[in-house]
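Asker: Please find one structure pasted underneath; my questions will follow.
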Amino acid sequence: MNKIFKSKFNTRIGAWVAVSELARGFTKNSRALHATAIVLTAFSLGGGQVLAQAQNNNFEIAGGVVEAGATNSLAFGKDAKVKTGELNFAIGKKASIEGTDPSGKLKTRWSLAFGWSAKVTGGGKNNIAIGQESLINTSGNDNFAFGWGAKVEDLDASKQKYSTGSFALGSYASAKGDKVFALGHNSKAVGNNSIAIGNSSVQGNNSVAIFGSVNGVDNSVAIGGHVRYDPKSPLNNNSTAVGYGANTFGWSSNALGYQSISFREGSAQGYRNYSFGKFSSSIGAHNITVDTGSSAIGFMNKALVNRSVAIGASNFAGRAEFLGQSDVEAGYYDPNWHSAKSTKKFNWLNAITSDYKKLYGEVYSDKKNWLESTLYIWMGGVNREGKVSFIENNKYIKKGLTDNHEVTIGEGDAQKTLTLKLTKAYTDALQEQFYAMHQTSVGSQNVATGHKSSAIGFGNVAIGNYSAAVGYGTMALASNSLAYGNKTIVEGKNSSAFGQQIYVAPQNSMAAGSRNLILEGGENTFVLGSDIETNLANSVFLGANSKSEGYGKPEDAPKDYQWAGVVKEETDPATPSADGARQATKTLGVVSVGSAGNERQIQHVAAGRINKDSTDA
């Protein structure tokens, strides 16, 4: 029989080696070993046979076994086995190469298992497992597992989803899928074309996790954070979580920054930003958005309803019921109060926790109901130190929405203290605003709760629907109200205030200037100037310090009262009535351009249409 190899004793290393039968003998003058085939060095392990050549050009060394079904293979080490295939190498105690593909037609071949209990199986080729208990179990090809317990396995062999060209590098690293890469201790990559680096895990196709996790989501990236599957979202792909504790749930969501959280096509970027609404964005630090299309940008802003906007610092854009009432004064958000008082029993906090508490509990199970406490903090108006947060410096509502809010208007002897009816404004808002949305709050410590309301500047409040509060410390509390300037307050519907320290209580009225007051009873009144106070309806006041004692009967009226617009009855001179023989013109109010001792001329006035029936001046 023509043998390929022969045994010779190598005097330089003191061991028997297998060499080509054409090689020269080893002598003292030999400088090198010239081998034309395989050179194997075997060290005796306690004596006995160290090298045995089996049939089919197989080699069994130090207790290794190559079974009859294998060819051109090597088993090296106690209980090392090659059970099938060709050109396989099992090196190490209990190392093994075995198995076929699911069809039973393809045998594991051209592979290497190196290390204690290293194993290659599954019927693939060109697979290498190096390390104690390393494993390659796939019908795919060209895979590599390196490290204690490192594994490359098929994604789903029953559906012919084999692993090909995948790598698991590191102790207990695991790769499942086509062209998957897992690097680092306990790294896990499951899915095609995915990468897990560090103590990371990926479950999804075309995804990457670096010291983070991607859970059941395709086309996503997690770096230091977690991309998670949302059972309520119809799709769960294309998300990004970057930063320690960053989390995303659902389709195309992005969380970038420390403990930022984003749901369903939302975006949270910065430090502890939360984006719960679809297409919502929270950017900066400690911002929260809840409903579809809402945006909170800056520091500690809250945009809580559909298409609401809060930009700046400590701004609030949401429905009135989110503010609370007595609970604001107490310093916490009380969901039971909202559930009982809300027209539709809308309970935002419970809705959020019922949907997502389980998911959050999984993430923050060690932080004492992290989700609930966080939402109480940012929704309820208290920060982590127990102080009032977004309304802390708002002088009008920081004690709660009650009737005990006192506001000072004016200066010196003219200073007045008013009590605002915030409970009424709040109650009206609850009844009108269940579906309120599109709020805008821009600046610092502003609150906008009315439908399509705006609060812009510092410490402004817009509670009424279609209301606007712009400036510093302004309040627009009723529907279609406008407060603009410095500490202007409007309680009446369809009323406006422009300037500084102005108060308008009735509806359909307007005041512009400084330190003006239109009190209850002054509906449909217009004030322009400063230091004007009135409760007259249907009147006009022009100029600083203008006053009026109300409508007065003319002293020189003819006794037959034949002048149009003249009142006959003296018992009620403020309420004109009809002459017995003819209808007198009913006077609506007064026009004042000054006060007693401070009269003004009205100049450049055209002549009136004077006759006995006219009412012109």
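Cβ coordinates are placed from backbone N, Cα and C, and glycine is handled just like the others.
Because TrEMBL annotations are produced automatically, they should be read as predictions rather than curated entries.
So TrEMBL lists these for the protein:
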DOMAIN    1-47  domain 'ESPR'
DOMAIN    182-201  domain 'Trimeric autotransporter adhesin YadA-like head'
DOMAIN    292-314  domain 'Trimeric autotransporter adhesin YadA-like head'
DOMAIN    448-473  domain 'Trimeric autotransporter adhesin YadA-like head'
Asker: Across the domain 'Trimeric autotransporter adhesin YadA-like head' (448-473), what does the mean pLDDT come to, as a whole number?
Answerer: 88
Asker: Could you give the number of helix, strand and coil residues in the domain 'Trimeric autotransporter adhesin YadA-like head' (292-314) as assigned by DSSP?
Answerer: 0 helix, 12 strand, 11 coil
Asker: Taking DSSP states H, G and I as helix and E and B as strand, how many residues of the domain 'Trimeric autotransporter adhesin YadA-like head' (448-473) are helix, strand and coil?
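Answerer: Breakdown, helix to coil: 0 helix, 13 strand, 13 coil.
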Asker: From the DSSP assignment alone, can you count helix, strand and coil residues within the domain 'Trimeric autotransporter adhesin YadA-like head' (182-201)?
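Answerer: The domain 'Trimeric autotransporter adhesin YadA-like head' (182-201) comes out at 0 helix, 9 strand, 11 coil.
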